[in-house]
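Working notes for the structure below.
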Amino acid sequence: MQKALKLGSFFARSAISVKPTLATSKMTQLRHFSHGASVFDIDSVEDFTEKVIQSSVPVIVDFHAEWCGPCQALGPRLEEKVNGRQGSVLLAKINVDHAGELAMDYGISAVPTVFAFKNGEKISGFSGVLDDEQLDDFIEDVLAA
């Protein structure tokens, strides 16, 4: 049912790493400002603790990479669905190439990997790309938990 892009433990063993360039930094900055009010980027463990763990509403966390085709397919659809929920759920975007410590802390070995947090606890998740109906069901389950 769930398809995953298996990349091995590319963070923990430094097998693959993308170095930010001026072009990708500018892309990230532009994309950052295109998020809706319910979507934000996470760049550090401190940021994660403040915006995800301490959040009073459920937060969906999207571990992704700029070079990942499935991530590029999932990310905008997930953003659109979360933005359509008028703040009842938030979306935190974590670029694994810029926040490797968080990726290692959560055992990310494939991207995209998505987790849901509620009241500071991880409650569910998936790896790979889901269709629109599956995404809607996932968000509904997060809200109902």
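Cβ atoms here come from the backbone N, Cα and C positions, even for glycine.
The domain 'Thioredoxin' feature in Swiss-Prot is assigned to 39-144; the stated evidence is sequence analysis. Look at the domain 'Thioredoxin' (39-144): DSSP puts its residues at 43 helix, 29 strand, 34 coil.
Feature annotation from Swiss-Prot assigns site 'Deprotonates C-terminal active site Cys' to ASP62.
Under the heading active site, nucleophile, Swiss-Prot lists CYS68 (among others), citing similarity to another entry as support.
The disulfide bond annotation in Swiss-Prot covers CYS68-CYS71. Sequence-distant neighbours of CYS71 (disulfide bond): residues of the same chain at least 6 apart with a C-beta under 8 Å from its C-beta are ASP62, HIS64, ALA65, VAL111, PRO112.
Under a cutoff of 8 A between CB atoms, and with a sequence separation of 6+ in the same chain, GLY69 (site 'Contributes to redox potential value') has no neighbours. Here Swiss-Prot flags GLY69 (among others) as site 'Contributes to redox potential value', drawing on similarity to another entry.
Under the heading site 'Contributes to redox potential value', Swiss-Prot lists PRO70 (among others), citing similarity to another entry as support.
Under the heading active site, nucleophile, Swiss-Prot lists CYS71 (among others), citing similarity to another entry as support.
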Inset, instruction - Return the single residue from the recorded positions list (ASP62, CYS68, PRO70) that has the minimum number of other CB atoms within 10 Å. - result: PRO70
